[in-house]
């Protein structure tokens, strides 16, 4: 049952009244804002992308064995770099085993954090020729440093010296044993050795 206010012929309306003008204004502002964001995105697309360095060879050796066989105590306050596993300081993450660590440091995310793309620089003909020349020089230097035949000769000489030394030692021991045997003939006679190996007749 609707209550009537004295002096008015309309009954009370309990519904909420919406201000149409205000909500139209809010809708227009929202649409304008969305259009501005779209324009900004289109402008960003028009800008040239960030130029990253081409993929380069690593200039350091990856350390996988320094913590091998060692045990460390880890607490809640231990920093991430000293936690169990392999720590990547570029990406600030810990990887549990060496295979995954190698996959991580060779992966796209890590290379991007280093500022490199995954594209490799194409070598020119001159660069390839220079590389062949440098490798050839290295091989020649190795041959000079390590002549196989000369090394084999040295080894043979060393072996001959060792054999001669052993022969001398054996002869020396034999002489000593003979001297000991000749030194005490009574003991030898008592043990029954007096008749063996002797060409002398008594």
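Cβ from N, Cα, C; glycine included.
Annotated by TrEMBL as region 'Disordered', the relevant range among 1-22, 23-44 is 1-22. Ranges compared are 109-155, 156-202, and TrEMBL records region 'Disordered' for 156-202.
Residues of the same chain lying 6 or more positions beyond the ends of the domain 'U1-type' (83-117) and with a Cβ under 8 Å from any Cβ of it are 52-56, 62, 64, 72, 74.
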